[in-house]
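Asks: Just dropping this structure here.
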Amino acid sequence: MPLKIAVYPGSFDPITYGHLDIIERGLRIFDKIIVAVAKNSEKNSLFPTDERIALIKEVLGDSERAEVDTFTGLLVDYVRDQGATVIIRGLRAVSDFEYEFQLAQMNRSITQDIETLFMMTSVPYSYLSSSIVKEVSSLNGPIEGLVPPAVKKALDAKFNR
């Protein structure tokens with residue numbers, strides 16, 4: 001029986017406990033999840049792509065079922081190249097749905113053989129975003145409970161603490 005593979009794309013700048021929640025729960029459904037870090041030159045990232053990948057790998061540890069990769073170009077092309085058939089997207093609130101719905105419909109118009117699975121973030125992380133974490137951290141606010149210790153350490157280094 002072929003492996004059920006899903007791709008979980010995002011900028012992960014930085015990865016949060018909300019992202020990890022989606023990965024953990026996604027692994028209950030899929031044999032393998034590829035965490036695909038988008039290389040987006042238009043986005044002003046705090047962490048360069050290689051640092052984001054290293055942080056995600058450190059946080060995921062020795063997971064044989066979660067792989068970290070990077071991609072450019074059309075997501076559906078990348079998903080197909082990986083032998084996956086599903087894109088996982090996390091939703092925090094209704095406000096996320098409209099944008100994600102548009103992306104899913106666009107992907108569907110490009111190819112019929114890749115599905116998008118929306119997963120609601122668990123309640124403790126329903127407000128959490130990488131942007132909020134970066135803002136709170138930049139103002140020297142508490143981010144324990146929002147990101148893993150390795151990410152907090154990396155943020156502290158970025159903000160000279």
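The backbone N, Cα and C atoms fix where each Cβ goes, glycine too.
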Asks: Swiss-Prot records S11, F12, H19, G90, L91, R92, Y125, S126, Y127, L128, S129, S130, S131 as ATP-binding residues. Which of E100, E115 is assigned to the same site?
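Replies: The record-listed residue among the candidates is E100.
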Asks: How far is it from S130 (ATP binding site) to R89 (substrate binding site), counting Cα to Cα, in Å?
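Replies: That separation, Cα to Cα, works out to 15 Å.
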Asks: Near L75 (substrate binding site), how many other Cβ atoms are within 10 Å of its Cβ?
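Replies: Excluding its own Cβ, L75 (substrate binding site) sees 20 Cβ atoms within 10 Å.
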Asks: If you count other C-beta atoms within 10 angstroms, which of the binding-site residues L91, L128 is the most crowded?
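Replies: Ranked by Cβ atoms within 10 Å, first place goes to L128.
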Asks: Which state, by DSSP, holds R89 (substrate binding site): helix, strand or coil?
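Replies: Reduced to three states, the DSSP call for R89 (substrate binding site) is strand.
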Asks: How big is the gap, in Å, between the Cα of E100 (ATP binding site) and that of L75 (substrate binding site), rounded to a whole number?
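Replies: Pair distance, Cα basis, whole Å: 13 Å.
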